[in-house]
Structure formats: C-alpha cells, structure tokens
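A short worksheet on the structure shown next.
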Ligand SMILES: O=C(CO)[C@H](O)[C@H](O)COP(=O)(O)O
Ligand SMILES: [Fe+2]
C-alpha cells in the first residue's frame with residue numbers, strides 16, 4: 001500500500017491548522033525544515049510542529065534540510081515528530097545520528113540529494129526505517145522532477161530487496177499526477193507531494209487520485 005505524504009511547504013502558512021484538516025485522508029504530514037544554510041531557504045522550526053501536533057492524527061514526517069542535524073534531534077522529537085530524516089550530506093556521523101533518532105523514540109530516515117550516490121548509504125541501510133530520495137534539489141517546492149531519479153529509486157529498491165528488510169522508500173519533489181505512476185512502479189512506498197496537493201482546488205480529492213495511481 002502506497003502512503004501519501006502532503007508537504008506543508010505548499011500550504012497557506014497563514015492558516016496551517018485549517019490546511020491540515022483538508023488532507024486528513026493522507027497518511028503522513030511532511031514537514032520541511034530549512035535553515036538557510038544547508039539549503040538557500042528558511043521555513044519553520046519545532047514550534048510550528050508542536051503547535052500542529054494536536055490538530056491532526058497524521059504521522060509527522062520531519063525532513064531536516066539543515067546543517068549540524070546532531071544539534072537538533074531531541075528538539076524535533078519532543079515537538080511531535082514520528083519520523084526524523086536528516087541529509088547524508090549534512091553529517092559525518094550518520095550511524096550515530098540514526099541511533100540518537102531511535103533513542104529519542106522516532107523512526108529514522110536519511111535523505112539523499114539528487115547528485116548523491118546510493119553507495120553513501122549502503123552500510124547504514126539495515127539500520128534505517130526510511131530512505132528519502134530527493135527528486136529535485138532541496139530548498140524549494142514547485143520544481144520539476146529530475147528524470148534520472150526513477151532509475152535511482154529502482155536501484156535502491158533492488159538493494160533493499162537483497163537485504164530483505166523493510167526500509168521504506170520515500171520520494172520527494174516534483175511529483176504530480178502525470179508522473180506518480182512512474183515513481184511508484186520504480187519502487188516508491190511513500191509519495192511526498194507539496195504543490196500538486198496543496199496547490200490543487202481540492203487536496204482531499206487529489207490525494208484520492210494519487211492513491212488510485214498506486215492501485
Ligand atoms: O523537500 C522539499 C523541497 O526541498 C519538498 O518536500 C518538496 O519540494 C515538495 O514540493 P513539490 O511537491 O512542490 O515539489
Ligand atoms: Fe521535503
């Protein structure tokens with residue numbers, strides 16, 4: 001079963017509590033944390049996550065696009081994250097960071113920029129709950145899906161099958177109705193979409209269409 005994770009980045013920031021109500025048929029709420037350093041944009045921090053925690057029952061999927069993620073794990077766990085995903089490019093101590101995320105009570109994810117090889121995560125794959133493949137360069141919503149990423153998803157899927165464990169593959173960036181089937185067929189388990197869902201007339205119906213593409 002495919003999971004749908006709308007990205008709050010594309011919602012109306014002046015009415016966050018109402019916006020999350022429009023997507024209550026989704027599985028997860030994707031929360032993009034940007035620090036203006038690891039990526040050239042700034043979003044929000046743990047205060048917004050904890051303010052939203054009692055507004056929805058969705059699983060909170062926190063995507064840290066920040067430098068020094070090791071300094072912020074407990075804060076994002078306490079704010080209400082269920083998954084915490086850091087970028088492999090942002091740390092020299094990925095294995096330790098995964099253990100810290102799990103000790104904080106969350107599931108652990110790692111994300112790869114489009115130009116980062118899957119080799120970088122080969123040795124930590126058995127410890128992960130999720131791999132988040134970026135299909136655009138991180139920092140902004142509304143960008144175009146990078147076509148080479150489909151092959152990368154398929155290769156990661158084979159690596160996971162060889163390991164015989166249940167690491168989820170999440171794909172993030174530029175996913176719309178016209179390419180979601182391609183992403184799912186390559187092996188994605190979690191579809192993250194911002195502008196396609198929150199930018200549509202009816203986010204609830206759009207989630208249904210995304211889900212139907214995976215059936
Ligand atoms: O991490 C992200 C950007 O860095 C976002 O989650 C992603 O871009 C979703 O937006 P869209 O679906 O509009 O591309
Ligand atoms: Fe994201």
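Glycine residues also receive a Cβ, built from the backbone N, Cα and C atoms like all the rest.
When other Cβ atoms within 10 Å of the Cβ of residue 139 (substrate binding site) are tallied across all protein chains shown, the result is 18. For 7, 63, 139, 140, 141, 142, 172, 173, 174, 194, 195, the entry in TrEMBL reads substrate binding site.
In the three-state DSSP classification, residue 172 (substrate binding site) falls within a strand. Annotation for residue 172 (substrate binding site): same-chain Cβ neighbours under 8 Å, separated by at least 6 residues, are 7, 30, 63, 111, 132, 133, 134, 135, 136, 192. Residues or ranges marked as divalent metal cation binding site in TrEMBL: 30, 32, 63, 172.
The active site, proton acceptor annotation in TrEMBL covers 32. Packing around residue 32 (divalent metal cation binding site) is summarised by its Cβ count: 24 other Cβ atoms lie within 10 angstroms of its Cβ, all protein chains included.
Per TrEMBL, active site, proton donor is recorded for 172.
Every protein chain shown contributes to the tally, and the Cβ of residue 141 (substrate binding site) ends up with 20 other Cβ atoms within 10 Å. For the recorded site, residue 195 (substrate binding site), the DSSP three-state label reads helix. Among the binding-site residues 139, 141, 172, 195, the residues whose Cβ lies under 6 Å from any atom of ligand 2 are, in sequence order, 172.
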